[in-house]
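Asker: Below is one structure. I have some questions about it.
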Amino acid sequence: ALWTWSRSEDFDMIAVIGQSLFGQEVYKELRKDGHTIVGVFTIPDKDGKADPLATEAEEDGIAVFKFPRWRVKGQAIPEVVAQYKATGAELNVLPFCSQFIPMEVIDHPKHGSIIYHPSLLPRHRGASAINWTLIHGDEKGGFTVFWADDGLDTGPILLQQECDVEPNDTVNTIYKRFLFPEGVKGTVEAVRQIAQGKAPRITQPQEGATYECIQKKDNIDWNQTAEALHNWIRGNDKVPGAWAEVDGQKVTFYGSSLANSGSTVNGQPMEIPGASRPGIVTKAGLVLFGNDGKTLLVKNLQFEDGKMIAAAQYFSSGSSAAVELTEEEKAFAGQMRVVWQSILTNVSQVEDSTDFFKSGATSMDVVRLVEEVKLQASSCQLQNEDIYMNTTFHDFIQMCVRKLRGEDGEEELVVNYVEKDINNMTIRMPHQLFINGEFVNAEGEKIYKSINPNDGTVICDVSLAQISDVDKAVSAAKEAFEEGQWGKMNPRDRGRLIYKLADLMELHQEELATIEAIDSGAVYTLALKTHVGMSIQTFRYFAGWCDKIEGSTIPINQARPNRNLTFTKKEPIGVCAIVIPWNYPLMMLAWKTAACLAAGNTIVLKPAQVTPLTALKFAELAARAGLPKGVINILPGSGALVGQRLSDHPDVRKLGFTGSTEIGKHIMKSCAVSNVKKVSLELGGKSPLIIFSDCDMDKAVRMGMSSVFFNKGENCIAAGRLFVEDTIHDQYVKRVVEEVNKMKIGDPLDRSTDHGPQNHKAHLDKLVEYCQTGVKDGATLICGGKQIQRPGFFFEPTVFIDVQDHMYIAKEESFGPVMIISKFKGSEVDDVLRRANASEYGLASGVFTRDISKALYVSERLNAGTVFVNTYNKTDVASPFGGFKQSGFGKDLGKEALNEYLKTKAVTIEY
């Protein structure tokens, strides 16, 4: 028979034979399951430290045996076997055992012995099963619990579970993700089946059987494809290690991943004998080439003396000068010395020269040390590799201190600034693309000119992103989300970084406001308060949300006699594309980016082509705040190229857009066709403002002016049409014209300027045409309507009256300083509401009246995402913002904005 059931009776006497954390966890779970452990057989103490399994069992008062060996010259040691038999074990469980156990022990218990093996037997028999699973590039892996016999991993199968092997899995990742947690459960389940008399004995098939010897440190055969090289390196891992000769010494390669081939690789060549071509040391690591021309990336190298370095530092690995510690840092070093002493119990005193691993530390001690550092200094986020690369106490402390200071050996941010002395300061403007933590030129060195709308002069050349640049940025964002520190970061630490970013923005607020003024034409005082000021508030608001994103528990119908628990989790979406307009360059960036980052996503952002400079300055500040590489990427470029590629890209999972309805529709279609991206759209508007005769006239005039002329009318929620009650119409128009005539038009950097230039020449030309159409259709032009004859892109503040519902200017948005006034009768409230709502837009609206009942009635019936009552433009970071109808969907700001960048997962458990 291929398989039979194990005929079993109840038993309660188990011997656990093995070692390691895996053995410890199996032991603990068996005890929780109610089994009696009559003995634990493990390895002797090493350097005065007991194995974790031994430590756990000794604390429980279980008999622990630490035999150095069970056999001598192929024969079982009688005294050892006698001590084992004296325990009375009815079943042996071998979760992980490096010793050779004689058959006298394997066959002795009434129910035999079961062994955990980390492969899908009969494939990969032998002690290096996980390594060979990766070396062979298996797409499926898993584990087997089998009945021990006198063969090598040939006994009947009791239980198997399989998992997918990801292309960049390592021994560590597949072990932590599946083989360890599921293996513990599987081993305990196997014991449970034996106890219930339901454990099968399935004969292993001969077909597909393989045996591989214990993997030993071996040199790399370079005559292979990139994928085969990658599999060999990741399969050998740190131990035993895959090595090659470089500059006359053996260098071990580890930390391999498949790379995107086809793009240009910039770096310093590394000659490797036998390789099809030299490797290239880049800022990301060592790029290696297979014989198929494809590439892989190696992150880390180890030399013959045991020293490990980041591959990117191969040509600059010489020791740098030691940093001198402050008193606070000396106190931290003292705390860490105590931690080292508690781990290295066999060392009498931890000196600066004490080597962590040569003093007996294991991989589990690395995990503990990383966690101990977090407890002492939460801002010092270490990776296991940091310990392996700084093995002496001196190097370890130097590394920690540099990280705490923000000088952790990361390559210094290089910024090729354009500098200008202006507005009583020197502004320093990045002007290149920002991809994966670096400012870089666009593919093909493509550039364009950014123009100052105040005088039409060139501010600077700006890199113009190409499709290949988009692909690089998305790849960097994807890696940062899936593999980088950002995706693993504690939400509170994420919030701390966003707070730090807001602090840096505040420190540079005058510089940011000046850049905004010369790049977009925003009046400096307004840019300081709103463009920059509200941006800072937005990042601070969402920084506070990072550790408050939570799911809920949900009562559902119980599966009696069992019970159920259902809960939801809010998870980040992944790589998010953000495309923003030119009217509030920095603020629109902040409104979307802050919520996106708080939710834990990574970002590729396309600023408007005509206003890229504050976005690039923001990128610099984000890097200096310590946001990891790849989290934020900024790509100035055209919508037709960059925006379209982001809409189409299969690795982008969300796109947030603010802009015209026409482009929004196109984006929505592209996102649907490509990979059904989640989309949020803040589009065009034609916001109505209704002014009743019982209003506060002074406030209605002041706020009416603001509703139209705020930020030169380049305002998505601008009142596109004012409905003024007929009894006050003439008075209201007179007051408005008086105020318009008082407005000072001029240089946005002049503190007394009320009205600056329009954003760019094409927009100015559209405003001229818009007003000409209004006059042609029969509306009365009271003032303005023309370009101001001076350098720059200035347009007169404009007022139209006698505007009828059918006219072009009554229906279409000007997005400029154009006030459109129509009359209505006070007795016809429902009619004016009908006229106000007779638009495909529904972004904002407003009403002025002293009658609270009328105000509530009107606000309930205005079909817009925002309704202002006796005020206008009163947005706040805590209040959701977004439109109805063809003004789009989704929200910026407030708690609701987080939902645009989160996905909800429901989990149901039966117990």
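Quick reminder: no glycine exception, Cβ is built from N, Cα and C everywhere.
Note that TrEMBL annotation is computational and uncurated.
These numbers come from a predicted model, not from an experiment.
The feature active site, proton donor is assigned by TrEMBL to HIS117, CYS716. Taken from TrEMBL, the feature (6R)-10-formyltetrahydrofolate binding site covers GLN99, PHE100, ILE101, ASP153. Feature annotation from TrEMBL assigns NADP(+) binding site to 580-582, 606-609, 639-644, 659-660, LYS766, 813-815. The domain 'Carrier' annotation in TrEMBL covers 327-404. Annotation comment: TrEMBL describes ASP153 as site 'Essential for catalytic activity'.
Show me how these features fit into the structure around them.
Answerer: Shown in sequence order, ARG125, ALA129, PHE143, THR144, VAL145, PHE146, ASP153 are the residues of the chain, 6+ apart in sequence, with a C-beta less than 8 angstroms from the C-beta of HIS117 (active site, proton donor).
Of all Cβ atoms in the protein chains displayed, 21 besides its own lie within 10 Å of the Cβ of ASP153 ((6R)-10-formyltetrahydrofolate binding site).
Long-range Cβ neighbours of GLN609 (NADP(+) binding site) (same chain, at least 6 residues apart, Cβ-Cβ under 8 Å): TYR448, PRO636, GLY637, SER638, GLY639.
Taking H, G and I as helix, E and B as strand and the rest as coil, DSSP gives the domain 'Carrier' (327-404) the counts 48 helix, 2 strand, 28 coil.
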Asker: Suppose you look only at the domain 'Carrier' (327-404); what would the mean pLDDT be?
Answerer: 86
Asker: With (6R)-10-formyltetrahydrofolate as the bound species and GLN99, PHE100, ILE101, ASP153 as its recorded binding residues, calculate the greatest Cα-Cα distance and give it in Å as a whole number.
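Answerer: The span, Cα to Cα at its widest, is 14 Å.
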Asker: To the nearest whole angstrom, state the Cα distance for the pair PHE100 ((6R)-10-formyltetrahydrofolate binding site) and PHE815 (NADP(+) binding site).
Answerer: 81
Asker: Other residues near the (6R)-10-formyltetrahydrofolate site, CB within 8 A of the CB centroid of GLN99, PHE100, ILE101, ASP153?
Answerer: LEU94, CYS97, SER98
Asker: Which of these binding-site residues has the least crowded Cβ, counting other Cβ atoms within 10 Å: LYS606, LYS766?
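Answerer: Comparing Cβ neighbour counts within 10 Å for the binding-site residues LYS606, LYS766 gives LYS766.
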Asker: Measuring C-alpha to C-alpha, could you say which of the recorded positions ILE580, LYS606, LEU641, GLN644, CYS716, PHE815 are within 10 Å of ILE101 ((6R)-10-formyltetrahydrofolate binding site)?
Answerer: none
Asker: So which of the binding-site residues is most packed in, judged by how many other Cβ atoms lie within 10 Å of its Cβ, out of PHE100, PHE815?
Answerer: PHE815
Asker: I'd like the number of other C-beta atoms within 10 A of the C-beta of ILE101 ((6R)-10-formyltetrahydrofolate binding site), please.
Answerer: 21
Asker: Within 10 Å of CYS716 (active site, proton donor) (Cα-Cα), which of the binding-site residues GLN99, ILE580, GLN644, PHE815?
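Answerer: So the list reads PHE815.
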